[in-house]
Amino acid sequence: MLSRAVCGTSRQLAPVLGYLGSRQKHSLPDLPYDYGALEPHINAQIMQLHHSKHHAAYVNNLNVTEEKYQEALAKGDVTAQIALQPALKFNGGGHINHSIFWTNLSPNGGGEPKGELLEAIKRDFGSFDKFKEKLTAASVGVQGSGWGWLGFNKERGHLQIAACPNQDPLQGTTGLIPLLGIDVWEHAYYLQYKNVRPDYLKAIWNVINWENVTERYMACKK
């Protein structure tokens with residue numbers, strides 16, 4: 001099972017991407033539940049394709065890209081290194097984002113968080129319902145493919161909502177530490193919800209793993 005509490009740039013990226021200087025291949029993480037465990041909110045077909053095909057493709061392409069990057073480093077080929085950056089960002093981001101996403105979900109999820117996380121949500125958004133509305137709106141409003149996020153601003157000590165296009169990783173592009181991510185690529189919902197993204201957003205709140213989100217939040221406060 002994936003680590004459930006990841007905080008800080010080096011701690012966030014190192015376990016997932018590794019260090020290019022000491023190359024180690026990435027692997028597809030196991031899900032902490034069965035493909036059908038999130039039904040009826042997210043069906044088994046979506047989960048199987050999403051995990052075993054889409055996430056697996058990001059992992060495989062990341063490994064290939066890192067091998068090419070290592071070769072470019074060894075040759076001192078700066079042009080090739082620069083040319084590989086988009087693929088590193090896209091596939092590395094896809095691996096990071098999905099590795100968080102799977103642990104953010106649970107068949108025993110839904111409801112509201114408790115304790116310090118709930119108090120922080122009320123402090124920063126007014127109420128839990130207002131927070132849900134804002135994150136839902138940010139996620140629905142993503143043009144094309146991307147992610148809606150609840151992140152932690154370490155400098156300010158506050159929670160923030162953000163949206164990232166494509167597979168841009170939250171921390172690597174905004175500096176916010178990811179706590180909860182909602183995948184709004186069509187492959188995450190189209191087979192069940194067709195083009196009605198708001199229905200998918202309404203359903204996913206029933207399987208949010210608030211224990212995992214809370215663990216991430218508490219780790220980032222240390």
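Cβ coordinates are placed from backbone N, Cα and C, and glycine is handled just like the others.
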For which of Lys68, Lys134, Lys154 does Swiss-Prot record the feature N6-acetyllysine?
Lys68
For the feature 3'-nitrotyrosine in Swiss-Prot, which residue out of Tyr35, Tyr58, Tyr217 does the record point to?
Tyr58
Out of Lys130, Lys194, report back the residue that Swiss-Prot marks as N6-acetyllysine.
Lys130
Those recorded positions listed as His50, Lys75, Lys122, His187, and which of them has the most Cβ atoms within 10 Å of its own Cβ:
His50
Alpha-carbon spacing, Lys130 (N6-succinyllysine) to Asp183 (Mn(2+) binding site), which is rounded to whole Å:
20
To the nearest whole angstrom, what is the C-alpha distance linking Lys122 (N6-succinyllysine) and Lys114 (N6-acetyllysine)?
11
Which one of these modified residues has the most other Cβ atoms within 10 Å of its own Cβ: Lys114, Lys202?
Lys202
Which of His98, Lys130 has the fewest nearby Cβ atoms, counting only those within 10 Å, among these recorded positions?
Lys130
